[in-house]
Amino acid sequence: GHADNSVRVISSDGAKTLETAHAHCAPVTCLGLSPDSKYLVTGSRDTTILLWRIHTALASHSNVISEPSTGTGTQPSSSSNSSSHLIEKNRRLRIEGPIQVLQGHQSEVRSCCVSSDLGIVVSCSDTSDVL
């Protein structure tokens with residue numbers, strides 16, 4: 001629902017915008033993330049559904065997992081290192097796309113979801129259309 005019609009990834013504490021993507025012609029009204037976190041789908045007042053690909057830095061993820069077990073410091077420093085790696089991982093998040101523009105609704109999209117396992121996107125609008 002941002003005034004600039006963007007999709008934003010915000011840090012978990014809400015203090016920082018990590019990524020911004022623009023493509024809709026009206027405010028975003030709903031979104032859904034695939035269970036594997038590889039795809040994001042957004043619906044809008046402009047009646048379109050956009051499919052986005054999510055990229056994350058896997059190298060940071062492996063550092064977070066290995067850091068506590070290989071660290072030689074005390075417990076607090078290991079947890080501090082893990083936190084800094086998690087923050088770094090979040091900063092490397094990228095939204096690619098839209099990779100697909102889906103049309104067919106006659107009114108504002110109210111709900112949407114995506115499943116990468118099934119290869120489908122489902123959405124519904126104010127007029128009870130389900131696509």
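A Cβ is built for glycine as well, from the same backbone N, Cα and C atoms used for every other residue.
TrEMBL lists 1-127 with the feature domain 'Neurobeachin beta-propeller'. Residues or ranges marked as repeat 'WD' by TrEMBL: 21-62. What TrEMBL records for 64-89 is region 'Disordered'. For 66-84, the entry in TrEMBL reads compositional bias 'Low complexity'.
Taking the domain 'Neurobeachin beta-propeller' (1-127) as a whole, pLDDT averages 79 in the prediction. Note: the repeat 'WD' (21-62) comprises 5 helix, 21 strand, 16 coil (DSSP; helix = H, G, I, strand = E, B).
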